[in-house]
Structure formats: C-alpha cells, structure tokens
Ligand code: AP5
Ligand code: MG
C-alpha cells in the first residue's frame with residue numbers, strides 16, 4: 001500500500017487571480033527539458049519549475065515528506081501525485097508573490113491524472129511542449145551526464161526504469177494533449193540551439209501578450 005502522505009492546506013487564490021500563462025514541458029529522461037527551459041527563461045522571463053528539482057530539494061531539506069521520496073526516485077518510479085502537486089503549488093505561489101509573469105512546469109504532468117488534477121485545481125495549460133527523442137539518444141546523454149551530475153538516478157539500471165516509466169505513464173500524456181490540440185511535438189535530437197529555434201517559433205505564436 002502507498003505510504004500516507006502529509007498534505008498541507010494551500011490557499012491558491014493569489015495564483016488563480018494572477019491568471020498567468022502556464023506551459024507544461026514533457027519528454028523522456030534526458031530529452032533536454034531542463035536545458036531548453038533555461039534558454040526559454042533567458043529569453044521570455046518565465047518562471048521555470050522542474051518537478052524533479054523540487055523533489056530533490058525536498059529530499060535535501062530533510063523533511064518527513066522528503067524522506068519518503070528518495071527510494072521512489074532511485075527506483076525510477078513516479079512519486080505520489082499529491083506530493084508533486086503540493087510542491088509545485090507552493091513554488092508557484094512563492095513565484096507569484098515575487099511577480100512571476102508565467103510558468104514552465106518541467107517534468108509535469110507525468111501521467112494523465114496529474115494533468116487533469118493540476119488543471120482542475122489551478123488553471124489550464126496554454127500549451128504542452130513535448131521533446132521527442134529516441135531512447136538510445138536519451139541513454140547516451142544521461143550516461144554522459146552521469147560522469148558529473150551526482151544524481152542518484154543517473155546510472156544504467158535506473159535509467160532503464162525511468163525509460164519504462166516514461167513509456168507506460170507519460171506517453172499517454174502526450175496522446176491526451178495531442179487530442180486536445182494543445183501539444184507541440186518537437187524533434188529534439190538536434191543541437192541545443194536548433195531545438196531552441198523551434199521552441200521560439202512556437203512560443204512566439206502564443207506569448208505576444210506576455
Ligand atoms: P526529473 O528530474 O524530471 O528527471 P527526468 O525526467 O528523468 O529528466 P532529466 O532531468 O534527467 O532530463 P531533462 O529532460 O531535464 O534533460 P537535461 O536538459 O537535463 O525527474 C526525476 C525523478 O523525479 C523521476 O524519475 C521521478 O521519480 C520523480 N518525478 C519528477 N517529476 C515527477 C512527477 N511529475 N510525478 C511523479 N514523480 C516525478 O539534459 C540531459 C543531458 O543531455 C544533459 O547533460 C544536457 O547537457 C544534454 N543535452 C540536452 N540537450 C541536448 C542536445 N540537444 N544535444 C546533446 N545533449 C543535450
Ligand atoms: Mg531535468
């Protein structure tokens with residue numbers, strides 16, 4: 001049975017009132033979500049929130065909530081939806097207080113129900129950017145990054161499990177938003193700058209008012 005998760009009562013009113021644009025960023029492990037988000041932030045000034053980074057920060061904080069997460073992340077599985085969503089909400093509220101003009105939610109949703117719950121509790125995403133990369137490229141990138149990242153999940157056994165989780169849980173997210181007409185599928189095998197060019201072409205269509 002899943003462990004009981006500590007929930008907090010989070011007042012979302014300021015976030016809803018701000019009504020700033022929200023972009024979901026999805027893609028397999030090592031597809032370049034973080035890399036492209038850094039470049040998007042530099043150009044558009046949106047707030048980048050990586051669910052993986054928020055989870056790793058929570059683990060580092062030594063909180064009871066963090067203690068439950070390490071084993072799950074090292075197994076390449078998904079942590080419980082409520083934990084991720086609460087962390088994302090808290091980080092969004094902090095950013096709104098500081099005047100954020102929009103969000104890149106990187107690594108979320110990883111299963112269809114995560115997207116549905118976020119959109120019913122907070123707000124609909126404007127677009128979903130999907131970085132499409134072949135599995136062998138993902139493995140190569142992550143093994144290369146493993147030499148310096150210090151991430152507990154950058155080893156071949158966990159990488160394989162992360163890929164499996166992506167195919168079984170997150171691929172349906174791609175199909176779900178494609179059917180809704182919100183998905184932007186980006187071939188992300190090329191150079192970082194070439195991929196960013198495609199990202200910019202798509203964001204420019206919807207961010208003129210930001
Ligand atoms: P998370 O931290 O999100 O990891 P991930 O999805 O596996 O993705 P990465 O962060 O490893 O890769 P990335 O796509 O950001 O690529 P990057 O830009 O770094 O999640 C970790 C774990 O947390 C999950 O397994 C799960 O347990 C949990 N979790 C997170 N979110 C969750 C959620 N919503 N629900 C439940 N659980 C959740 O690039 C990778 C490497 O490639 C870098 O070295 C980079 O320099 C290089 N690179 C990037 N682009 C290129 C390019 N175009 N060409 C060559 N190299 C490139
Ligand atoms: Mg990342």
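These residue numbers are counts, starting from 1, taken along the chain as shown.
Cβ from N, Cα, C; glycine included.
Note: TrEMBL annotation is automatic and uncurated.
So that you can see what the record holds, here are the features copied from TrEMBL:
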BINDING   30, 31, 32, 33, 34, 35, 145, 190  ATP binding site
BINDING   51, 56, 77, 78, 79, 107, 108, 109, 110, 114, 151, 162  AMP binding site
REGION    50-79  region 'NMPbind'
REGION    144-154  region 'LID'
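In the three-state DSSP scheme, residue 110 (AMP binding site) falls into the coil class.
If you compare Cα positions, residue 30 (ATP binding site) sits closest to 151 out of the binding-site residues 79, 108, 151. Mapped onto DSSP helix, strand and coil, the region 'LID' (144-154) counts 6 helix, 0 strand, 5 coil. In sequence order, 161, 165 are the residues near residue 77 (AMP binding site), counting only same-chain partners six or more apart with C-beta under 8 A.
Residues near residue 151 (AMP binding site) in space but far in sequence (CB under 8 A, at least 6 apart, same chain), listed by position: 56, 145. Same-chain residues lying 6+ beyond the ends of the region 'NMPbind' (50-79) with a Cβ under 8 Å from its Cβ atoms: 3, 5-6, 33-34, 37, 87-88, 91, 105-108, 110-111, 151-153, 158-162, 164-165, 169. Helix, strand and coil counts from DSSP across the region 'NMPbind' (50-79) read 21 helix, 1 strand, 8 coil. DSSP classifies residue 30 (ATP binding site) as coil under the three-state reduction.
Residue 34 (ATP binding site) and residue 110 (AMP binding site) have their C-alpha atoms 15 Å apart, to the nearest angstrom. Residues within less than 8 Å, Cβ to Cβ, of residue 35 (ATP binding site) and separated from it by at least 6 positions along the same chain comprise 192.
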